[in-house]
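Asker: This is the structure I have questions about; it appears just below.
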Amino acid sequence: MTDLPDSTRWQLWIVAFGFFMQSLDTTIVNTALPSMAQSLGESPLHMHMVIVSYVLTVAVMLPASGWLADKVGVRNIFFTAIVLFTLGSLFCALSGTLNELLLARALQGVGGAMMVPVGRLTVMKIVPREQYMAAMTFVTLPGQVGPLLGPALGGLLVEYASWHWIFLINIPVGIIGAIATLMLMPNYTMQTRRFDLSGFLLLAVGMAVLTLALDGSKGTGLSPLTIAGLVAVGVVALVLYLLHARNNNRALFSLKLFRTRTFSLGLAGSFAGRIGSGMLPFMTPVFLQIGLGFSPFHAGLMMIPMVLGSMGMKRIVVQVVNCFGYRRVLVATTLGLSLVTLLFMTTALLGWYYVLPFVLFLQGMVNSTRFSSMNTLTLKDLPDNLASSGNSLLSMIMQLSMSIGVTIAGLLLGLFGSQHVSVDSGTTQTVFMYTWLSMALIIALPAFIFARVPNDTHQNVAISRRKRSAQ
């Protein structure tokens with residue numbers, strides 16, 4: 001990229017900065033949840049909604065981000081995304097109740113939903129096609145550093161300052177990023193077709209109310225009648241979307257996507273698989289602090305081996321899949337992740353803390369292999385005219401399933417535990433043990449889906465073409 005103009009390189013730095021902000025925020029909050037609960041006077045068992053409110057909002061808003069960027073301009077939307085994300089961070093820091101914090105996190109999620117896809121779109125428009133892969137590698141690298149720094153930085157700020165600072169640090173960075181965007185980024189627009197507002201609203205309502213219903217009485221205190229009503233509304237909304245999308249060329253997501261068998265299996269497996277793996281980043285730091293008495297900073301440091309294992313495995317995942325095939329790799333990594341989850345619980349409860357970094361490193365390796373394989377299996381056989389729509393649907397499903405996973409983890413803690421959990425309590429460790437056992441079972445279930453994948457090793461070369469677009 002050395003032959004790119006200085007203005008283009010600065011624009012790539014702005015996009016990279018947005019990727020870093022978004023990825024850092026997805027992990028920095030996890031280690032702060034017990035401290036937030038204490039400060040806000042809430043049970044730690046309710047704090048999963050701090051993550052769910054953000055991730056679910058991202059899932060709901062993702063389908064609109066690309067259309068908005070084409071219609072209004074990439075600079076205007078990227079600037080708006082940074083401003084909303086920064087304002088959300090400010091309101092998070094000022095929150096005095098859990099409900100205020102959830103609303104602020106939702107505002108953050110609106111900004112986060114637009115930041116990454118619009119950033120990708122910006123790179124496509126400002127960089128020559130032959131340099132696109134190198135440019136995307138450059139801008140996504142900070143996004144890989146964010147999860148590495150997030151848990152430890154969050155723990156450090158909580159331990160030596162307060163949880164408010166995990167949001168306050170976004171404000172000066174966001175102001176600088178917003179000014180740089182206005183000054184340096186071009187405002188590319190494109191001719192757009194009419195946005196499928198009806199389909200968007202139906203999907204948004206379906207996803208939101210079903211997730212809220214899943215949290216149910218344990219998380220939100222809803223009555224059984226209200227939960228039943230939410231389930232009915234959610235199911236009706238999704239059925240109406242299917243009827244709306246039938247034979248509709250302007251539908252948000254075409255049902256023609258599901259004529260490709262690998263897409264259908266990959267999407268179903270990705271949805272089920274990420275429900276299980278989405279529990280781990282939430283449960284691990286909470287368990288280390290509440291169940292084992294680790295400090296926030298120590299718990300954050302323990303998450304680093306998992307990220308390192310994930311980053312290291314990405315270098316060889318193509319060769320692994322090409323050698324063994326999708327079916328073997330996905331079934332093995334799904335069952336392997338379930339076993340590693342049980343191994344983590346066992347070593348932790350036995351007090352073998354020195355083994356935990358190695359277990360978490362292994363967990364990161366297995367999870368990374370499964371993620372990359374799921375992503376590329378889903379997209380590799382789609383025709384070119386459906387690839388963009390399929391990628392957008394996969395991105396939405398990834399966020400939705402992670403929010404459901406965190407919701408289920410919080411629900412399991414609520415089912416097995418009391419309203420208040422104390423550190424070093426034998427009862428607390430029993431609650432976490434039952435929760436981890438249930439999680440291991442949920443993580444293993446998608447193996448039944450992946451067992452139906454054709455083991456067509458000779459087609460796996462497509463992973464190298466699709467890998468980056470799916471991440």
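Just so you know, the numbers here start at 1 and follow the chain as drawn.
Using the three backbone atoms N, Cα and C, a Cβ is placed for every residue, glycine included.
Keep in mind it's a predicted model, so treat the numbers as computed, not measured.
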Asker: Are N391 and P224 co-located with respect to the membrane, according to Swiss-Prot's topological domains?
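Answerer: Both are annotated on one side of the bilayer.
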Asker: Is it true that the transmembrane segment (286-306) and the transmembrane segment (12-32) have 3 or more Cβ pairs under 8 Å, skipping pairs fewer than 6 apart in sequence?
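Answerer: Touching, yes - the transmembrane segment (286-306) and the transmembrane segment (12-32) meet the threshold of 3 or more Cβ pairs under 8 Å.
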Asker: Can you work out which residues elsewhere in the same chain, 6+ from the ends of the topological domain 'Cytoplasmic' (33-48), have a Cβ less than 8 Å from its Cβ atoms?
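Answerer: Apart from its flanks, the topological domain 'Cytoplasmic' (33-48) reaches 95-98, 101, 158, 162-163, 218-219, 282, 285-286, 289-290, 296, 406-407, 409-410, 413-414, 417, 419-421.
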Asker: At a C-beta cut-off of under 8 Å, are there same-chain residues at least 6 beyond the transmembrane segment (165-185) that contact it? List them, or none.
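Answerer: Residues 7, 10-11, 14, 17-18, 21, 25, 28-29, 32, 74-75, 78-79, 82-83, 85-86, 89-90, 92-93, 122, 153-154, 157-158.
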Asker: Which range out of 12-32, 49-69, 138-158, 263-283, 431-451 gives the transmembrane segment (77-97) the most CB pairs under 8 Å?
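Answerer: It is 12-32 that shares the most Cβ pairs under 8 Å with the transmembrane segment (77-97).
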Asker: Of the listed stretches (12-32, 49-69, 263-283, 396-416), which one yields the highest count of Cβ-Cβ distances below 8 Å with the transmembrane segment (138-158)?
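Answerer: Maximum Cβ contact count belongs to 12-32.
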Asker: How about the transmembrane segment (102-124) with the transmembrane segment (263-283) - do they touch, taking at least 3 C-beta pairs under 8 Å (6 or more apart in sequence) as contact?
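Answerer: Answer no, regions not in contact.
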